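*Asks:* My questions all concern the structure below.
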Amino acid sequence: SLQSKDIGVVVNFSFPGTIEDYVHRIGRTGRAGAKGSSYSFLTSDKAKLARDLVKIMRETKQVISPELQALAHSARGGGGGPRYGRGYGYGGGRGGRRGGGGYRGGGGRGGYGGGGGGYGGGGGQGHKRW
């Protein structure tokens, strides 16, 4: 188990197989009330997990990108959802712990990007290219 008080950013190059593992991984940042950020690359084969991620991000009042919403919607099997030929990465800020091992989003940064031209969210201030 990784134990460090100084982790400010977690990058998931490979999105975990369950949303519980995702929460555990991002729990490495923002310990003891500190703010931290999490960036995750999420591909279309994990669209079902995108739905779970959107749910968690809504619960923690994070900014949800239109691309992540579209990917989550495509997992519903309703047809007509976008198909992504490349990976997209999505991030949600993480700040501090709530009692009982839960978590809450803290005005963290979030970002998403795919291929050569990615986007980054600046804590709900819109999107910009990087």
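Quick reminder: no glycine exception, Cβ is built from N, Cα and C everywhere.
Nobody curates TrEMBL annotations by hand; they come from automatic prediction.
TrEMBL feature annotations, pasted as is:
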DOMAIN    1-72  domain 'Helicase C-terminal'
REGION    95-130  region 'Disordered'
*Asks:* Where DSSP helix means H, G or I and strand means E or B, what are the helix, strand and coil counts for the domain 'Helicase C-terminal' (1-72)?
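*Replies:* The composition, in the requested order, is 34 helix, 12 strand, 26 coil.
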*Asks:* Limited to the domain 'Helicase C-terminal' (1-72), I'd like the whole-number average of pLDDT.
*Replies:* 85
